[in-house]
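Working notes for the structure below.
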Amino acid sequence: MLSQLAMLQGSLLLVVATMSVAQQTRQEADRGCETLVVQHGHCSYTFLLPKSEPCPPGPEVSRDSNTLQRESLANPLHLGKLPTQQVKQLEQALQNNTQWLKKLERAIKTILRSKLEQVQQQMAQNQTAPMLELGTSLLNQTTAQIRKLTDMEAQLLNQTSRMDAQMPETFLSTNKLENQLLLQRQKLQQLQGQNSALEKRLQALETKQQEELASILSKKAKLLNTLSRQSAALTNIERGLRGVRHNSSLLQDQQHSLRQLLVLLRHLVQERANASAPAFIMAGEQVFQDCAEIQRSGASASGVYTIQVSNATKPRKVFCDLQSSGGRWTLIQRRENGTVNFQRNWKDYKQGFGDPAGEHWLGNEVVHQLTRRAAYSLRVELQDWEGHEAYAQYEHFHLGSENQLYRLSVVGYSGSAGRQSSLVLQNTSFSTLDSDNDHCLCKCAQVMSGGWWFDACGLSNLNGVYYHAPDNKYKMDGIRWHYFKGPSYSLRASRMMIRPLDI
């Protein structure tokens, strides 16, 4: 940029000098000197000559004076025509002009040099402050960059040192992972071996199962053949049973006739007997109304005794518990070993069955006669297969007549056999296999088995099927008491007994 400014200033000075020289030349020309102008390219040369006499006429020349002058200078023939004095003057003028031009050149150079130095000094002074500011800014930026580079170098060194410190741990972790990988590969190989062994065993099992299946199919075919033969035999047996049933119906008719005769005979004997003691009672044997009277008479041992129930044709053997919870209890039901079948009809449950010393049902009619003449309470004792015992006691107990379907009525529950009664308290009729009196279309006596006071199958049934442990669970038709062991647990033992309230 400085060189361009210097060149510009030099050009301006040269123009000024040239204009000054031209002005001087014009002034001298005005003084009476002749001028000679020579044009060479972009340059123009002016020569001052003294005035001379007119030249002799010559050939016609071009109107262009510059061209004429150049040709007169270049052509020696024309110069030869000039007078010698004029030539000398011209040469002298040329020399003077040359010297003057050299002086002018030196002067111009001197002036330009001084002017250039001044301009350079001024420009240097004008640009020193910005350059200093620029240098300071560059220095600050350089310092900041150096600091950043120093920080980055320190961070890099820290990271490098941390990586160097972590290299042993990384190496150990890598070794550990390699060892684990080897162990996993070994385990995988072991599992592959076990898998192949299992596949072989599976193939062997499949082969064995196919063989067993073939054997089962063969046995099935044999069983089907046997079943067809047995079906034919059963058909023959059914035919025989029809004949036996026919004979049995005849025997039942005869038995019914005999029973009627026996009742008539007993009626006749009773009419002739003494009112205080029936004729068929053994001499010396004392008869009581229930076990409470037996205990009041002085008996203290529990066992089988004879009682005379009102409206009964003969005395009944009953089991009296004279020790439990104050005694005086007359047993009306006992289950303890499953020796007696409780899947009975209405008539059996009415008259009673079993042995009073063991499993038995005293009979609905006897219980009705006992509870008809006095107010009784009921006690139910239960035992599970784990040896746990519980009881349920009802303060008032009454059983209706046969016309009332031996309807049950109990009031005042207490005991340890559940938070509430598993026995329906009021107006529940008795049902058996052949007399469905429950409030359900499903015939609970057939589904739950036995005879009981079912109310939509209810929460209890102590006359169900006797199941021995461990087959006593999940049995809906077993000996059940819901609030003691749940709805499907069949109990080990149960007792039902009654006694008068005035005791």
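Placed from the backbone N, Cα and C atoms, the Cβ positions cover glycine too.
Keep in mind that this is a model prediction, so the values were computed, not measured.
Per Swiss-Prot, coiled coil is recorded for 84-238, and the stated evidence type is sequence analysis.
Per Swiss-Prot, the feature disulfide bond maps to Cys291-Cys320 (among others). In the three-state DSSP scheme, Cys291 (disulfide bond) falls into the helix class.
What Swiss-Prot records for Cys444-Cys457 (among others) is disulfide bond, and it gives sequence analysis as the kind of evidence. Under the DSSP three-state reduction, Cys444 (disulfide bond) is assigned to helix. For Cys444 (disulfide bond), other Cβ atoms within 10 Å of its Cβ number 23.
Across all of the domain 'Fibrinogen C-terminal' (282-502), the predicted model scores a mean pLDDT of 92. For 282-502, the entry in Swiss-Prot reads domain 'Fibrinogen C-terminal'.
In the three-state DSSP scheme, Asn96 (N-linked glycosylation site) is classed as helix. Counting Cβ atoms from all protein chains shown, Asn96 (N-linked glycosylation site) has 12 others lying within 10 Å of its own Cβ. What Swiss-Prot lists as N-linked glycosylation site is Asn96 (among others), and the listing cites sequence analysis.
In the three-state DSSP scheme, Asn126 (N-linked glycosylation site) is classed as helix. Annotated N-linked glycosylation site per Swiss-Prot: Asn126 (among others), in sequence order.
For Asn140 (among others), the entry in Swiss-Prot reads N-linked glycosylation site. Residues near Asn140 (N-linked glycosylation site) in space but far in sequence (CB under 8 A, at least 6 apart, same chain): none are found. DSSP classifies Asn140 (N-linked glycosylation site) as helix under the three-state reduction.
Summarising the annotation, Swiss-Prot assigns N-linked glycosylation site to Asn158 (among others). Cβ neighbours of Asn158 (N-linked glycosylation site) (same chain, under 8 Å, six or more residues apart in sequence): none. Look at Asn158 (N-linked glycosylation site): DSSP puts it in a helix.
Per Swiss-Prot, N-linked glycosylation site is recorded for Asn247 (among others), and the stated evidence type is sequence analysis.
Residues or ranges marked as N-linked glycosylation site by Swiss-Prot: Asn274 (among others).
In the structure as shown, the Cβ atom of Asn311 (N-linked glycosylation site) sits within 10 Å of 10 other Cβ atoms. Here Swiss-Prot flags Asn311 (among others) as N-linked glycosylation site.
The N-linked glycosylation site feature in Swiss-Prot is assigned to Asn337 (among others). Sequence-distant neighbours of Asn337 (N-linked glycosylation site): residues of the same chain at least 6 apart with a C-beta under 8 Å from its C-beta are Gly358, Glu359, Tyr466.
In sequence order, Arg407, Leu408, Ser409 are the residues of the chain that are 6 or more apart from Asn427 (N-linked glycosylation site) and have a CB within less than 8 Å of its CB. Here Swiss-Prot flags Asn427 (among others) as N-linked glycosylation site, drawing on sequence analysis.
Annotated signal peptide per Swiss-Prot: 1-24, in sequence order.
Nearest in space to Asn126 (N-linked glycosylation site), taking C-alpha to C-alpha distance over the recorded positions Cys291, Asn311, Cys320, is Cys320. For Cys457 (disulfide bond), the same-chain residues lying six or more positions away in sequence with a CB closer than 8 A to its CB are Asp438, Cys440, Cys442, Cys444, Val447, Met448.
Taking only the Cα positions, the spacing between Cys320 (disulfide bond) and Asn311 (N-linked glycosylation site) is 21 angstrom. Every protein chain shown contributes to the tally, and the Cβ of Asn126 (N-linked glycosylation site) ends up with 10 other Cβ atoms within 10 Å. Note: the Cα of Cys291 (disulfide bond) and the Cα of Asn96 (N-linked glycosylation site) are spaced 185 Å from each other.
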